[in-house]
Amino acid sequence: MGDELHNRLLHQNDGTKDAILYKIIESLVCSICHDYMFVPMMTPCGHNYCYGCLNTWFASNTQKELACPQCRSDITTIPALNTTLQQYLSFILEKLRDQNDESFKKLLTTKTKEENDYKNDKEKDTLFDKVFKNSALAVADDSDDGITRCSNCHWELDPDEVEDGNVCPHCNARIRNYAGGRDEFDEEEYSEGELDEIRESMRRRRENRFASTNPFANRDDVSSEDDDSSEEEPMREHIPLGRWARSHNRSIAVDAVDDEDDEEEDEEEEEEMDSDLKDFIEDDEDDEDEDGSRRNLVLSALKNRHVIITDDEEEEQRRHATEEEDRDSDFYEHNDDGFVSGDSLDEDQKEVTRIQSSSDSEDRSLSYSGSSDVKDNNDDNTEELDDPQPKRQKRFRVVLGDSDDE
């Protein structure tokens, strides 16, 4: 089975063999200078560049972290020589050697020069201009809440201070990875059991930090919410945050106190508003009760009166009743739907007139000596609603109580 590809390749046509060979030669070309990699160097992320191009790339980015030119991943370890690609290119050049071709001679000269440069730098221990010798890493100190420190002098690194120059403030060493960043958590690198242990460890560390800085940590509602949020939070933290996490938790605790004070003030304002509205509504009910009692007193006084109507007045009333009946009939004929009739309107109008008469009688001064004539003067608006006919004045003779005196 180990020689399966060998046998298949031998039986392929020339076109297939040429395509495979062309792809192999393409993998020997540097993506920066687009020339053959006589000294191919492989970065930790797996990309390959020639030694000269990668050396120039590191030298031109002295104020930034060392990163891959293609994927921008941090290069924390020195790139290694890719001997496999180097052997491929050397074998192809050996088979295609042509001493009479000037271009081929130039190609071999370039190959020899680059290989010698690499050998000399390696012997002198000056690979990549000593950039990896003179630089340091930002590492997390697990024994001190994961605080980021310089790998050379172990000085604490503040991301705000090293953000611009990316240099250790103590030993002035170049930090070749981002001091304030956090490695991306790759769940595929761990088994399910290991992932559970990591989640539990992170949850306990988060709870301990929260309990040490939050004054509400002992409350059940806060602790339960923290547990829920910690379980649902994505697995993005690979190292603890150190003192920055503690300062962040302190700010969360202060915000929680301010929010609780604001809620208490809102509740007090709502209670005061409800109390004011309640007093206002109760005053209206008291006024309505007072008006109703006054109206009942007036109506009861009117009920105790006896009204005596003279003959002339009876004749006038009969004539008026006849006219009202005619008017009611005409009114009902024009309303075939039967929803409203003149009789019902008269009864409603009589009730309105009676209440208004009671109100008018309350305002008058009721003083009688013997018998007196009382005129019922209705409002102009009431008469317009009742009947468009001219106003009529009715005379009444009122007897108070059971007295025979007029």
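A Cβ is built for glycine as well, from the same backbone N, Cα and C atoms used for every other residue.
Per Swiss-Prot, the residue annotated phosphoserine among SER103, SER191, SER329, SER357 is SER191.
Of SER73, SER143, SER151, the one with phosphoserine in Swiss-Prot is SER143, while the others lack that note in the record, though it may still apply to them. For the residues THR77, THR109, THR310, Swiss-Prot attaches the annotation phosphothreonine to THR310, which does not rule out the feature elsewhere. For the zinc finger (30-72), residue counts in helix, strand and coil come to 9 helix, 8 strand, 26 coil, using DSSP.
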